[in-house]
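Engineer: Reproduced below are the annotations present in TrEMBL:
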DOMAIN    36-264  domain 'Aminoglycoside phosphotransferase'
SITE      Ser36  site 'ATP'
ACT_SITE  Asp203  active site, proton acceptor
BINDING   Asn208, Asp220  Mg(2+) binding site
ACT_SITE  Asp220  active site
Amino acid sequence: MTVNKHPFQTLTPEFIMDSVESQGFRCDCRTLALNSYENRVYQVGIDEGAPLIAKFYRPDRWSDVQIMEEHRFCFNLAEHELPVVAPWRNAAGESLFSHQGFRFALYPRQGGRAPEFDNLDNLLILGRMLGRIHAIGELQRFEERPALDVRAFGYESVALIRERFMPDEYRESYIAVTELLLRRIETILAEVGPIRYIRAHGDCHAGNILWRDNAPHFVDFDDARMAPAVQDLWMMLSGDRGRKTAQLEALVRGYREFRDFDPLELRLVEALRTLRMLHYSAWLARRWEDPLFPATFPWFNSVRYWGEQILELREQLALLDEPPLELE
């Protein structure tokens with residue numbers, strides 16, 4: 001019996017080096033797989049040069065024009081001297097390449113460590129950089145990349161889990177809590193009213209920020225989309241309410257040096273967190289045929305996981321009714 005291989009399983013070291021060398025580089029036969037699940041990312045040694053980062057895009061997720069929108073956003077930010085790691089371009093100005101059916105991009109290697117969000121001085125600096133990024137991000141729209149919305153992150157995620165993954169013993173409970181959550185999110189959005197959507201990083205957590213020389217460097221704009229500005233801020237907040245408020249104050253103080261921040265968006269924080277939780281489970285479900293996912297996330301899709309997930313969603317329902325954080 002023939003077992004169908006996942007496309008990413010064809011990414012051998014030889015294939016990776018051939019892809020990089022197709023763009024005129026000469027590899028030194030060293031490749032190192034980096035921590036990435038949605039795509040596949042490798043550090044590739046280059047003869048007489050610094051290593052490159054080769055990013056191979058997951059087939060059928062983004063179209064070429066959607067990827068190029070992401071690249072153009074990064075180039076736009078880099079041209080304004082913002083600390084983003086933008087793709088490498090060849091002499092023709094191209095940044096998206098293809099080798100035997102796989103699309104890939106090349107990036108310079110950027111060193112650094114995860115930022116310390118408990119350090120308020122760091123958050124002040126991060127706020128300044130995000131204010132600058134968003135000041136550029138609001139000047140144009142993404143025309144091809146989707147927006148962060150309740151339909152895609154909420155309703156579609158819930159439908160997938162409910163129909164294909166939820167165990168029978170938890171199905172009724174899952175349907176009940178997610179219906180309440182989505183209804184509450186819709187109410188919050190209606191109460192807040194029109195919110196300006198801008199080009200945002202979209203997945204701005206510690207893993208996508210490298211800290212070096214007392215400054216952040218933003219990487220991996222793969223999830224960039226139209227979103228409220230607060231989407232790029234709330235994942236930096238942690239701890240009790242007092243601690244989150246102090247962190248928020250530092251972030252927004254730096255942010256407002258370069259762009260206004262609408263405090264009404266703070267009402268969206270728990271709604272956005274809820275959508276991220278729903279979307280995360282659906283993301284794991286959609287990728288379950290990729291052998292890397294069962295190997296890396298063996299706890300997913302177990303009866304225990306879904307029981308704990310429902311408890312977390314019920315807790316989130318209570319958080320949606322709490323007053324939002326406030327700026328002094």
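A Cβ is built for glycine as well, from the same backbone N, Cα and C atoms used for every other residue.
Bear in mind that TrEMBL entries carry predicted annotations, made automatically and left uncurated.
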Engineer: Taking every protein chain shown into account, which of the recorded positions Ser36, Asn208 has the largest tally of Cβ atoms within 10 Å of its Cβ?
Structural biologist: Asn208
Engineer: Since the record lists Asp203, Asp220 as recorded positions, which of them has the fewest other Cβ atoms within 10 Å of its Cβ?
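Structural biologist: Taking Asp203, Asp220 as the recorded positions, the minimal 10 Å Cβ count falls on Asp203.
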Engineer: Sort Asn208 (Mg(2+) binding site) into helix, strand or coil using the DSSP assignment.
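Structural biologist: For Asn208 (Mg(2+) binding site) - judged by DSSP and reduced to three states - the answer is helix.
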Engineer: What mean pLDDT does the predicted model reach across the domain 'Aminoglycoside phosphotransferase' (36-264)?
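Structural biologist: In the predicted model, the domain 'Aminoglycoside phosphotransferase' (36-264) has a mean pLDDT of 97.
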